[in-house]
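**Student:** Below you will find the structure I want to go over with you.
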């Protein structure tokens, strides 16, 4: 009633205003007629102004204005859509009902004209050809989850169809994507794909990849697939992987690029997937088993684990595949013994997957003949007993430290002043080097080891310093170093072992006030990274061959000038303390050629329980210095040392470490360019040498003239 009264009053006021305007117009017209009559009586002629089609402005010589203008209100559409949405909320003028079987059984009222204009999904549905158009009800059934989408999500998507606005979160994006796909809201669907791209992570890449396939988001599927492919060995540890349907499992096993640790792991993955729903999935086992590369499995594993497996033993095709693989291994072993071992076959099914992680002993930096710094990295490919080229580092490294983490290889420091603070890390998955935050001090010959995901830099010395006591820690997430409390004494030529992800055992040298050859004394100490306390001990814990070897040579010049890759052990510190001993057996040195221990500047590292000695030099005199390319391996299984194929070129003061690199970067012959910064520096050195040589020649000319 109040609204009607207000409307009547507004209409009366408008009518009164119109009456006043009409009276004023009539008075003006009467006055004009009287003036015109007087003018006619006075002159006998009348000037009617410009002729037809000529405006007053044109007659007076001015610019004519437009006869018509367009008006557009930019906010009108948004205000209109907002008002329509408000009407929908209030149930005004609604002529269609959306009924969701899920969503708590809720019904949502709307306007069919708006829905039909918003998406092609509703245009044919509400145009009269279907019963929904006549009944005014649209039943929405068959959702991905039993309850259906949440009511709040449905409301948000309907509001988007009215206003073009919506808020999507990680909790709602799946349902929004499903609704957008059902209602053919292409732009909203694309937005959900971009949103999921930003949220893609190792923990959700399997689920997002499945969503991308389900809703045909090709770009999102490619990005998620690439993440899964490069981290497949981690993805298969997630229980969500074992919920995937057969066709996706088959696709992944067919992929040559998946990163895996071994084919044995893939066999166990197939078994685990089948056993999750044996009644339904056993029929797929044979097809999946054919996709495994049995020739890449160890013979003992084939005979002890694969062959006795029930799913294999009860399938004739699988039994034959295992027998063929065992026979190939036997022929290969026979060829090796007879000395007729041929090059690895090129048949793709007999080679490792390109993404399979292979064991490599990586050699980094160092100095070669003539004092040339080496940026080239090389690797000893363990399975194929050969050396391969790896990417160049961007620094001149000499006396640097190395540490291996789960994802990277870090190198830091150098005797070369221009690179003494630099830190680089190698990513095996990408086969690339990248710079990270530099050290806080220029130094070399220090210890570098990982504890709980952080790198600890301990001791070292510089070109003009007797040594350092400093302890700094690097946080990879922040890409930043910060100082901790210093060690109680100077520590140089540091070698480190980490125990229990807390304690760092260190073998080093420290300056002493006594008459010795170099004024240094060997020390062994333990650093607690939690309490930051130091304690001297008698020896490194004698845990494995790597520890025994180091303690056997700890007082030798061979060990003190060598670099040693740090190693981490999972055993508790109490057990490690019990393995400390004052007397150490040198049995591990029995089969090592005696001349090896006279080498200086070698690189020492480990692989499982084996020990490697690589490169170095003989004779400290610069004139007679002999750079070495030999490499030795202590085989724990055979309990003896073996001479490996020589490195491509001799080098000393390098570092070495064990790293797992995908086969795609190891097969064939690789060539990598030298980094631009080192090429420029090399050219500059060459130019300086030419200038120096020219200057010497110029000096010789006058002196020869004087002598004449």
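Including glycine, each Cβ sits where the backbone N, Cα and C put it.
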**Student:** Have a look at 47-70, 71-94 and point to the one annotated region 'Disordered' in Swiss-Prot.
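**Tutor:** In Swiss-Prot, the region 'Disordered' feature sits at 47-70.
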**Student:** Which listed stretch (455-501, 503-556, 610-661) has the most C-beta pairs under 8 A with the repeat 'Kelch 1' (360-407)?
**Tutor:** 610-661
**Student:** Tell me the Cβ contacts of residue 465 (phosphoserine) under 8 Å, same chain only and six or more apart in sequence, or just say none.
**Tutor:** 443
**Student:** Looking only at the domain 'BACK' (205-307), what are its DSSP counts of helix, strand and coil residues?
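**Tutor:** Across the domain 'BACK' (205-307), the residues distribute as 77 helix, 1 strand, 25 coil.
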